[in-house]
Amino acid sequence: VLTPPVRTCTHKCVGEENWVDSRTIYIGHKEPPPGTEAFIQQRFPDNRIVSSKYTFWNFIPKNMFEQFRRVANFYFLIIFLVQLIIDTPTSPITSGLPLFFVITVTAIKQGYEDWLRHKADNSVNQCPVHVVQHGKVVRKQSRKLRVGDVVLVKEDETFPCDLILLSTSRDDGTCYVTTASLDGESSHKTYYAVQDTKAHSTEEEVDSIHATIECEQPQPDLYKFVGRINIYMDNEAVARPLGSENLLLRGATLKNTEFIYAVAIYTGMETKMALNYQSKSQKRSAVEKSMNSYLVVYLCILISKALINTALKYVWQADPNRDEPWYNDRTETERQRHIVSLAFTDFLAFMVLFNYIIPVSMYVTVEMQKFLGSYFIMWDDEIFDEELGERAVVNTSDLNEELGQVEYVFTDKTGTLTENNMEFIECCVDGHVYVPHAICNGQLMPGAAGMDMIDTSPGPEVHEELFFRALCLCHTVQVKEEETVDGIKHGIHQGKSTSFYISSSPDEVALVEGMKRLGFTYLRLKDSHMEILNREDEIERFELLEVLTFDSVRRRMSVIVRATGELYLFCKGADSSIFPRIISGKVDQVKARVEHNAVEGLRTLCVAYRPLTPEQYQEVCHLLNGAKLALQDRDKRLAEAYDIIEKDLILLGATAVEDRLQEKAADTIESLHKAGMKVWVLTGDKMETAAATCYASKLFHRNTQILELTTKRTEEQSLHDVLFDLSRTVLRQHGNMTRDTFSGFSGDCTDYGLIIDGATLSAVMRPTQEDSNSGNYKEIFLEICRNCSAVLCCRMAPLQKAQIVKLIKTSEEHPITLAVGDGANDVSMILEAHVGIGIMGKEGRQAVRNSDYAIPKFKHLKKMLLVHGHYYYIRISELVQYFFYKNVCFIFPQFLYQFFCGFSQQPLYDTAYLTLYNISFTSLPILLYSLIEQHINMDILKKDPSLYRDIAKNSLLRWPIFIYWTVLGVYDAIVMFFGAYFLFDNTTFTSNGQMFGNWTFGTLVFTVLVFTVTFKLALDTHYWTWINHFVIWGSLIFFVVFSLLWGGIIWPFLNYQRMYYVFMQMLSSGPAWLSIILLITASLLPDVVKKVICRAMWPTTTERIQVSLLSLHQSLMVSLRSSVSSIQFQFNFICIAPIHNRSYLRTLFK
């Protein structure tokens, strides 16, 4: 008996450092027989699932810690504390209230989301499960389940934890499972009970099982499991291997099987589903990076302002009369303080006074804009697929604007560009072509005329039937004969129940159905025997001995079967993995047909076989059993065993399956090209098949000059020579200038397309030692790619897809990348790209779960980028620039005011205005603008993809535009302050001769400020709705009403009320009204003039279209008015015309 070694794990598993390599589970918590092995009861977690982040006790401290890790929040906290500690010019409320509002709103949002997670956890943890104890079935809550419990699961129930299958209601010990909640695959997968326990079908029998399980510690890989079960019979242990085919995962559902018994091995947070909860790395958009850069600049401006004012204060106070005027004598304590201490206190006070230049509410507004804006994608009826019944899904709203900045699109082929709906087209046996319902056994059927064939004469009978039998046996297809499955009727033909096929691979179903049309029908797998109905309607039985499962590294699968005493190994797989293992057969004829079909865009597989002697089979069994029982490196040992077994093959033929192009895939790729994006196809398919798809999808055009960087070419020339040849070719056309990604392609410019395969890419990424002196291959490769309009990467492994994305992402230009795919093999590149998009295809939902956005079909990518991406970027760029602009307008007058108040830190605005400016008076209009603004109609954005180029490369958040907004804010602030100052200088403004005081002056500046920044946003708005009008004019009315109430009522909770009657007094003055109108006009005029000049002299494509649309609208209105006038004239003329002339006039006008 093998005892598991208890060693410390060499690599940490999900943060745990004290786990051992393997665990021992005692089924039913029974101790092993005396003398067999030591009974060491290990501690395992219960079955409680915890997806929540907080508890009732740690919510406040933990949430506060997370929120104050953000630089802006921490900064405002420091400012608030400074206001509490030292004597500052403004109340702590002015910083504390906005900060409290931001923190509270965020905490409520996160708390509500976590409460929903708690609620979901409780519903799962309290779900009832059935457990076998002492020969009886008892019911308990799911959270109380323990490792080693034997669980009874009935049909359509979900597995409560990770289980090893012991027995089922089926005689063959199999059960059917759907894993839709794990990987989205809705197909029925077959799982197998342990051979020695599958006969135990009652509670008493299951309770009598005496066994232990040794298996690996928990890991998140859904498709990998290594273990063995030791079954004790008469104190003797029989060891059997356990693999992923025995493991039932939490979250999967039992289907079409009455019941099963299974033992719990991983529970709670150690289940594979829970381990896959791990969050993805945080992605940050280009806009967010620009925003942080601007914050740093404004922080420097703030510090500079505080330093300048602190220095000028002490210069101004150098005169003793100014230092201590009679009305403000300093105390003895103040006189004795060191000047450095005083200066530092003043510096902090000025920091507090000017801190509003940093917009704390911008973060909340941006988060709300992203969160609410993401619903427009989910609500879009044009991104809804009726066939699937699916809408777009937004997994993260942080990258909405990044959809408008994409420069490179990396897409998978199968299931993304194509439908992944396979149809069997033909097969070739020893060079003889067989087409279902067209050519069968060499006989030409009706409708087969004009077909391109090599040889349709009857082939060798032995090889032909052996080929058909091989395809009927070498697969993992399930046969369903029931009339209903999951309540849905299937396979009903003329009122009779007929069989239909289910598999996790669409290719396998297409091949088996193709064989059925050619006369060989796969019936079922029963008692380890596969049954086939041949052309003579005779049932043939083959004993299934071994299945060598498919994997993406070998790219093939095999079965070993026994028929009438003879042993055969049948193998099918990609041509690149089969041909090197062939020792005989008509290789040239089959290879020619495979290449022909690949050029036509068909998916090809090769089929081969090998007869085995009993001795060879025994050797195979020995190899496989040794590998399967290994707890360490089982996958590696199995791969080595498969490699030894699958050799010396005899070629039988090849198959061709068609995977049709998705609807509007070609139109989408063409639109992305016109928008200035470069599209790369990354696929595992062979070059010819992928190239045919690229031509069909208009990635390559007929005039595209194809450049090949493939293994075939590097065998003839060295990699160094090939790369430099290609580099010279592409640069010859353009001189030494690389083609800019967004410059477009001129008519006389050669259009290049590059094809590279996985093996050559590996050589480019990791040059050999002798090639390392030949320059940097990556840079040459990137130079070639930059000058190609499209790139096809074929024979790519999943990791290589991610490497390609990373290579482009980290290149010198740092372009924004987008990856789109539908399968588990696309997850790595989806996670690597700036934006990852999952397609809801037939290869499971792993891509969807790991993506940032998910769409039903590839065609929906067009609207996602060209419309939603465009709008999101326009909106958020205006939001960011506008926030900084309005805060400069707000705070710069305060800076200027210090020159007129002896740098005494006197505030220009009232406390209420300081507090509510960003929260109430100016926040809602820009939030609404950032949600619904449409500078151009969405139909035009779809019809003219070139408009996408106007916003490329973060063009609206570049430094010149940022500086323009800042300068505009400074100009407006100067106009507001000095305009009010000079208009009021030495004048009386009220009817009784009273002069305005400092609070009236500040209120006048603030009133002009609020109206100016709101009108500025109104001028920038192109898309007006009743909501815009309500929010923009409503916010101005709210400001006026608030000011009237704030200054018109004596509030009992205020110690002093310096604003009492100030606003009303200001509005009672005619010159004040005139000043407000003049200053608002003077502030807005330069921006309006600049826009008019720029639109006239240097208009963008977007602005030209806006002008043309406006002209069209005006001409239509003029035409409509003239038509109405003409009709009115005709009507009046007819009315006054003589009776005898009216019939003539009507005819004339008609």
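Any Cβ shown, glycine's included, is placed from N, Cα and C.
Not measured: the values here are computed from a predicted model.
According to TrEMBL, the domain 'P-type ATPase N-terminal' annotation covers 41-95.
For 68-86 (among others), the entry in TrEMBL reads transmembrane segment.
What TrEMBL lists as domain 'P-type ATPase A' is 128-198.
Taken from TrEMBL, the feature transmembrane segment covers 293-316 (among others). A Cβ distance under 8 Å defines the sequence-distant neighbours of the transmembrane segment (293-316), meaning residues of its chain 6+ beyond its ends; these are 71-72, 75, 322, 339, 343, 346-347, 350-351, 354-355, 357-358, 880, 884, 887, 895, 898-899, 902-904, 962.
The annotation transmembrane segment is assigned in TrEMBL to 336-358 (among others). Proximity of distant same-chain residues to the transmembrane segment (336-358), defined by a Cβ-Cβ separation under 8 Å and at least 6 residues beyond the stretch ends, is recorded for 72, 75-76, 79, 82-83, 86-90, 94-95, 295, 298-299, 301-303, 305-307, 309-310, 313-314, 887-888, 890-891, 894-895, 905, 907, 914, 917-918.
In sequence order, Val681, Leu682, Thr683, Lys801, Val820, Gly821, Asp822, Gly823, Asn825, Asp826, Ile839 constitute the residues six or more apart from Asp412 (Mg(2+) binding site) in its chain with CB-CB distances below 8 Å. Among the features that TrEMBL reports, Mg(2+) binding site is placed at Asp412, Thr414, Asp822, Asp826.
For Arg603 (ATP binding site), applying a Cβ distance below 8 Å and a minimum sequence separation of six or more within one chain yields Thr414, Met422, Asp507, Ala656, Val657, Glu658, Asp659, Asp685, Thr689. For Asp412, Lys413, Thr414, Glu508, Phe550, Lys572, Arg603, Thr683, Gly684, Asp685, Arg795, Lys801, Asn825, Asp826, the entry in TrEMBL reads ATP binding site.
Feature annotation from TrEMBL assigns active site, 4-aspartylphosphate intermediate to Asp412.
Among the features that TrEMBL reports, domain 'P-type ATPase C-terminal' is placed at 848-1100.
Below 8 angstroms of C-beta separation, residues 90, 93-94, 97-98, 101, 356, 359-361, 365, 368-369, 372-373, 875-876, 878-879, 882-883, 886-887, 890, 1002-1003, 1006, 1010, 1013-1014, 1017-1018, 1020-1021, 1023, 1025, 1027-1028, 1031-1032, 1034-1035, 1038-1039, 1042, 1046, 1059 of the same chain, each at least six residues beyond the ends of the transmembrane segment (912-932), sit close to that stretch. TrEMBL lists 912-932 (among others) with the feature transmembrane segment.
Annotation comment: TrEMBL describes 962-984 (among others) as transmembrane segment.
Marked as transmembrane segment by TrEMBL: 996-1018 (among others).
Summarising the annotation, TrEMBL assigns transmembrane segment to 1030-1054 (among others). Long-range neighbours of the transmembrane segment (1030-1054) within the same chain, counting only residues 6 or more positions beyond its ends whose Cβ lies under 8 Å from a Cβ of the stretch, are 910, 912, 916, 920-922, 924-925, 928, 1003, 1007, 1010-1011, 1014, 1017-1018, 1021, 1060-1064.
Here the transmembrane segment (1060-1085) has long-range neighbours at 971-972, 975-976, 979-980, 983-984, 987, 989-991, 994, 996-997, 999-1000, 1003-1004, 1007-1008, 1011-1012, 1015-1016, 1019, 1043-1044, 1046-1048, 1050, meaning same-chain residues at least 6 beyond its ends whose C-beta is under 8 angstroms from one of its own. Feature annotation from TrEMBL assigns transmembrane segment to 1060-1085 (among others).
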Summarise the domain 'P-type ATPase N-terminal' (41-95) by DSSP state, stating how many residues are helix, strand and coil.
28 helix, 0 strand, 27 coil
Near the transmembrane segment (996-1018), which same-chain residues lie under 8 Å Cβ to Cβ, leaving out any that are not at least 6 residues past its ends?
882, 885-886, 889-890, 893, 897, 901, 906-910, 913, 917, 921-922, 925-926, 929, 972, 976-977, 979-981, 984, 989-990, 1032, 1035-1036, 1039, 1043, 1058-1059, 1062-1063, 1065-1066, 1069, 1072, 1075-1076, 1079-1080, 1083-1084, 1087
With DSSP as the reference, give the number of residues of the domain 'P-type ATPase A' (128-198) in helix, strand and coil.
7 helix, 39 strand, 25 coil
Let me know the most crowded of the binding-site residues, choosing from Thr414, Phe550, Gly684, Asn825, Asp826 and counting other Cβ atoms within 10 Å.
Asp826
